[in-house]
Each structure stands twice: as C-alpha cells, then as structure tokens.
Amino acid sequence: MGKSVEELEDAFSRDLGAIQRSLEGIASRHDRIRVEKWVGALNHPTKQVVWMRNRNQHASSLRQMLESGSLLAPFTSFPPEPLQNYKSYAQTHPLKSSNKSSMEPSVPKPSKRGPQPSISLVPEGDLEGGGWHIGRKPPPKAGGAWIKETAKSAPPRRQSFTIAEPYSDHFDHPPTSASQPPLS
C-alpha cells in the first residue's frame, strides 16, 4: 500500500539533511529565513502516515529547488498554518525543473500561435491627446523594424464645476441691530 513509517522517516531525514546543508549556500537573508521557517514547520513530530507523506513531499520539493538554485511557490513565502496538502498544491502549481538561479532573468518562449503583442507605455509626445497611455507594440515588419502605431487621441477630460449658491439676505446686507435705525 505504501511506505512504512520508518521508510518515511528515513527519507525525510535525508531530505532535511540536504536542505540544512544547502542553507549555507543561500545568499539572500530573506530566502534563508523563509527556508528555516519551512524546516521548522516540516519538522513537527507526527505519527500520522498521511501527514508524514505530505511533509516528505514538501521536503523533497524544497530540496530539489535548493539544489537547482531557485525557490518557487509555496517556498517563496512563509509556511501556512496548517500546512496545505502538497498534492492539491502540486496540481495547481507544477514544479518546474530549472538549473537557473531565481535571480536570473527568464526569457519567454516563443508562442506556437506566432508573435503576440505586448503592452507598453507610450510617452505623451507620441500621441495626439497627450499623457501616458497603455498601448500595444505593433507586430514586427518583414525587415524586423517596428512600425510606429498611431493611437487615437484620448477623450477630453471632464472639468469639474462647483455651482455657487445664491447669496442669502444674511450676506447681502450688513447685520442690523434693534438700536440702529435703518439706512435711508
């Protein structure tokens, strides 16, 4: 049916040892603290086989990420309380194998459907209406040069007006007292 409790504990001990050896190589203090928190969360003693399997899957995944040099979710944040089921997480966020560091820029793979336009900011001098607008980069020409796309001018901005209240009698005339005769 599955591994015995001893086999699960041995596998966890091996993964935990590899994780602790990898801790010294983590340059980022923040990443190191997060990994230490994950080690603490995974290291809670338990006798439940289901929890041991879940713990081992998290530990194995963390070990693989540390060996590859890049931390991916869920290890990019502190461990949740209680620890979520690894299988449900792995289905929504599959582990990518990568030998690149998380600090290296990733290069997007070309789409099978051809080049897709990307969103860019167009400076105010390039548009009739002025201001910064979100535009799309046009597809490349045959020669590889980019076509400058002209955008429609932005709709005119609404001006806000305040409607003044008509003057009341209180403001039109100076206050009069009973001792003063009215002016003629």
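Yeah, the Cβs are placed from backbone N, Cα and C, and that goes for glycine too.
A TrEMBL annotation is a machine prediction, not a hand-curated record.
Here's what TrEMBL has on this protein:
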{"type": "COMPBIAS", "residues": "85-104", "note": "compositional bias 'Polar residues'"}
{"type": "DOMAIN", "residues": "8-88", "note": "domain 'DUF4485'"}
{"type": "REGION", "residues": "82-184", "note": "region 'Disordered'"}
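Mean pLDDT for the domain 'DUF4485' (8-88) in the predicted structure: 90.
Mapped onto DSSP classes, the domain 'DUF4485' (8-88) shows 53 helix, 0 strand, 28 coil.
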